[in-house]
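Remarks on the structure that follows.
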Amino acid sequence: MKTIFSGIQPSGTLTLGNYLGAIQQFVELQNDYNCYFCIVDEHAITVPQDRLELRKNIKSLAALYIASGIDPDSSTLFIQSEVPEHTQLGWMLQSISYVGELERMTQYKDKSQGQEAISSALLTYPSLMAADILLYNTDVVPVGDDQKQHLELARNLAQRFNNRFNDIFTVPEVRIPKVGARIMSLQEPTKKMSKSDTNQKGFISMLDEPKRIEKKIKSAVTDSEGIVKFDKENKPGVSNLLTIYSSCTGESIADLEKKYDGKGYGDFKQGVANAVIDTLRPIQEKYEQLIQSDELDAILDQGRDKASFSAGKTIKKAKKAMGLGRK
């Protein structure tokens, strides 16, 4: 069985876009792959964080993943900072990373632009990301297009280490998922839905209550045509709502177009709101149970132990290959 690794930053509540675009696919992937889902809290501190908020976000993210269907018995869900081999290997890989290639990373350029004081961790972030992946002999990494450059570096570092020292690491395959809906902002439907959107009406949080979801969908940008039809170029708002509706219910977009033929946007938006509320309700109920119980800590302890066992074996081989320690 091939291994998949996915890292998730604990930076606030996940959106409906995260769920329909990625988590749903992860739930399906765990049946066919050995999956590691890592809450990358050490990556989060490359920018300033409030410690209490960070702790809260870590637990909230873990609870949402489990509530969404990630099975802690068939997958490994854990917190990065609880497995010290990540930073150990991150440092070892920094020793074979070149400053020039790290400075070329688009995300580093974007995040450091206009900043007077830039954290060195922001520069070396990709070396730690490579360590996250290589520790588990990962075969496949499903990532968005924005992370492809970092993944190419992880591949290069694996090959560089293997050539220079010993053939330790599996060179991972980068997979940009073709499945999974790309959900756009409700207010600017040409932009991806994001939790960092300054306009709160632009995104639906996975923990939004039903009335709030309904209000956001009813205020979603459409057009003046009044026809429910999928046309991404000319009707981005309506097309986005159709994608959301279809992803939540499993009904095809063609069937939904027929269903709302001759009906206005009011009826259509109500249908979308109901579909989203029905999709998120069981997840929210499970989340509330988990966040209040000791079960979540037990699951994260189990995940830490499983991850540590695999990571420990890899780091031992890597240290030996580099000549670190006594034996």
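Even glycines carry a Cβ here, placed using N, Cα and C.
Swiss-Prot lists motif ''KMSKS' region' at one of the ranges 47-51, 107-111, 192-196, 302-306, namely 192-196. Ile183 (ATP binding site) sits 27 Å from Asp132 (L-tryptophan binding site), taking the C-alpha atoms as the reference points. Long-range Cβ contacts of Met193 (ATP binding site) within its own chain (separation 6+, distance under 8 Å): Thr15, Leu16, Gly17, Ile183, Met184, Ser185, Leu186, Gly202, Phe203, Ile204.
In this structure, the binding-site residues Gln9, Ser11, Asn18 were compared by how many other Cβ atoms lie within 10 Å of their Cβ, and the smallest count belongs to Gln9. With helix defined as DSSP H, G or I and strand as E or B, the motif ''HIGH' region' (10-18) counts 3 helix, 1 strand, 5 coil. The motif ''KMSKS' region' (192-196): residue composition by secondary structure is 0 helix, 1 strand, 4 coil, according to DSSP.
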